[in-house]
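Trainee: Handing you a structure now.
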C-alpha cells in the first residue's frame, strides 16, 4: 500500500496502516472552513501524495476535508493504494452517522480506512474505527462494553510527553498508537535535554534531527504523523526513514532524557500543568 518501503502496522481488526502519515492538522489547519477552498492545502497535499505518502490523516475539525478530497483526486494514485483517516469531534452534537456522511461527501470518497472519535459500523464505509486523545480512564469503560474494540488511539506523543503506563495499556489490549506532534522537541520545545542526542544520532546516521525524532516513534511500533509545507523535507522523510533504525539503547536513552522535561503542545486547557498522563 505504501511507497518508498514505508512499512505497515497490523491493527487488531486485521487491517494494515502505514507507519508514516502526512497530517493535515497544525500547519495546514484551516481556522475558518467557510473561507472557501484553500488551494495551498490542496497543492501541498497533492505533492505529498505524488512524493509517495499513502497514509493521509485528516479531521472534520481541521476544516480541510474538501481540500484533502481534491488532493486525492489530483494525486493520481488509485484509491485502494491510499490509507485515509478522518475524525469526528468529541463535542459533536447529533448523529455520528450524519457527521460521517458529511465527511465522506466533503472528501468525495465512498469509504475511509480509519474513522476516529476526536476526543473523550457495520455499513462497511469505515474499514477501522478508533479514538483520539483517550487516556486509560477513558478506554477502560469502552473495553468493557464496546461491540468493536478501538483499533487505534491517536495521541500527542514525543519524548517530553510519554504518558506513563498508557503505552503498556495499549499493548496489553492490542490497541495501536498513532502519534501526532512527534517532532515537538524540535519544533516547539527546542532547547531541551534531547537536543544534543538528536544531533549526535543525526550525524551518526547521516540524517536530520527530525528524521531521528520520527524514527524514535516508529521504532516503538507507533504510527508517526508529520506535516510540512516543504516538499524536499517530505521527500527526505520518505527516502531516509526506511534506511536506518535506532538501537534499543538509543531509543531508551532518548526516552530517559525526554523524561527530564515535560511539555504538552496540544489540549493544554484539559490538563494540569504537570499532568503527564
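Every residue, even glycine, has its Cβ placed from backbone N, Cα and C.
Below are the features I grabbed from TrEMBL:
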DOMAIN    23-120  domain 'NADP-dependent oxidoreductase'
ACT_SITE  62  active site, proton donor
SITE      87  site 'Lowers pKa of active site Tyr'
BINDING   118  substrate binding site
DOMAIN    123-257  domain 'NADP-dependent oxidoreductase'
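Looking at the shown structure, what environment does each listed feature sit in?
Mentor: In this structure, residue 62 (active site, proton donor) is part of a helix by DSSP.
For the domain 'NADP-dependent oxidoreductase' (123-257), the predicted model reports an average pLDDT of 93.
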Trainee: Can you tell me the CA-to-CA distance separating residue 62 (active site, proton donor) and residue 87 (site 'Lowers pKa of active site Tyr'), as a whole number of Å?
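Mentor: Cα-Cα distance, residue 62 (active site, proton donor) to residue 87 (site 'Lowers pKa of active site Tyr'): 9 Å.
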Trainee: State which of the following recorded positions has the fewest other Cβ atoms within 10 Å around its Cβ: 62, 87.
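Mentor: Looking at the recorded positions 62, 87, the Cβ with the fewest others within 10 Å is that of 62.
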Trainee: Report the DSSP secondary-structure composition of the domain 'NADP-dependent oxidoreductase' (23-120) as helix, strand and coil residue counts.
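Mentor: Helix/strand/coil tally for the domain 'NADP-dependent oxidoreductase' (23-120): 48 helix, 18 strand, 32 coil.
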